[in-house]
């Protein structure tokens, strides 16, 4: 997951 987009 991305730090700024939890759904990545």
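Cβ from N, Cα, C; glycine included.
Lifted from Swiss-Prot, the feature list:
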DISULFID  2-8  disulfide bond
MOD_RES   3  4-hydroxyproline
MOD_RES   4  D-tryptophan
MOD_RES   8  cysteine amide
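Known features from Swiss-Prot, placed on the structure.
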{"residue": "2", "record": "disulfide bond", "Cβ within 10 Å": "7"}
{"residue": "3", "record": "4-hydroxyproline", "Cβ within 10 Å": "6"}
{"residue": "4", "record": "D-tryptophan", "Cβ within 10 Å": "6"}
{"residue": "8", "record": "disulfide bond", "Cβ within 10 Å": "7"}
